[in-house]
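Look at TrEMBL and you will find B:9-201 tagged as domain 'ABC transmembrane type-1'. Annotated transmembrane segment per TrEMBL: B:12-39, B:51-69, B:75-96, B:138-162, B:182-204, in sequence order.
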């Protein structure tokens, strides 16, 4: 009896789902073009990719997506959420894709579809300027290091901490900007984040912050994120094409120079992640 | 801190004020229905109202907002950020306001209604002329309290993508590295808004019928 009820319930649910899907028979790309706008989810606390510069939404993402918009002939509609809400928002269909960007990892590739990389994402340490107790990555053993919640950088820091004689005191923050503030205030000894991010922060406040080289993490890249379903496949192919075109004619390198101070050599296709 | 940053905070506070005000009004309308259902004495009405109130008082507002924003699309209702924010705040405050109203109506002394009927009031007249004014007077301070609570709780709607006062302060503090000045300004703006609400509430309360001046 009970099982029969369950089966009937599931069948009804499947039927309902079926009607919702068939309600928009066109794919995501066609819908985006028809609406004239591409909805992009992001977090505005990830300078220099995405941040609020004295009230203005700015960063590499804004510039890159402005060009992607031109290529597709649509405007960009931004939806800003706290990072831990961005990927769930993508799955719930709140936006067509995610800027972020996110580090391309094995676990994420199983669930999401990445665009070709837009920057290197290898993780390094940001310390207070003039702090002589940290001169190489190993020196963070036993020290308090800040990192963003639900990030690939957190996973890298935790893995690296395991290899040290004394573990790192990992402090998780809702957003990286808050960890920088705590580093400036002396509450933590360093922040672990990807090189482009901390290089930008250090260049903005030379008297306060300094990058510890070399990076300790495994080589990795940043890409934009979409979903894997067939509905979104044409959209993601079009985004990839727009990105590669921008890479080919030097627009991407120009933007990298503007926001990172140097351009990166990034692969044309999604690389096999090391972790 | 420059004047421009303060202006940005003021602009963001318009979201705080707008979303809170709309939610309190919608919440009040729902609360009237809920308290009516609770006081009806019929299980058919009071049981669903009771379940509604238990849920929206018992689940943290933050979780409610995330559910409305991320879970509703699963059943095919994809609401934009602003709608999710207003629906979440409205339903939550409706549950609290309903309990306030129910308490107010329940505290009107039975004897007053009986005397009104003795001198020839119809039940409808007794409700309008005796019960509503007294209940309103009893619940009004709690409603002002609730309005202030919702204004402050509206900072939670940033999780569904609304850049209101608190979120704007966080963004600006992160990009300007002036956390002290910016959070102090945000706190000041909240304080001023709530002082205005409290003062307006006081004025309205004095003009309610039956309050000695």
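In case you wondered, yes, glycine gets a Cβ from its N, Cα and C as well.
In this chain, the transmembrane segment (B:75-96) lies apart from the transmembrane segment (B:182-204): fewer than three C-beta pairs between them fall below 8 angstroms, excluding pairs fewer than 6 positions apart. Long-range neighbours of the transmembrane segment (B:182-204) within the same chain, counting only residues 6 or more positions beyond its ends whose Cβ lies under 8 Å from a Cβ of the stretch, are 1, 5-6, 9-10, 13, 16-17, 140-141, 143-144, 147-148, 151-152, 165-166, 168-169, 172-173, 176.
Same-chain residues lying 6 or more positions outside the transmembrane segment (B:51-69) and placing a CB less than 8 Å from one of its CB atoms are 34, 38, 79, 81, 84-85, 87-89, 91-92, 94-96, 98-99, 153, 156-157, 159-161. Long-range neighbours of the transmembrane segment (B:12-39) within the same chain, counting only residues 6 or more positions beyond its ends whose Cβ lies under 8 Å from a Cβ of the stretch, are 45-46, 48-50, 52-53, 82, 85-86, 89-102, 105-106, 143, 146-147, 150-151, 154-155, 157, 162-169, 189-190, 193.
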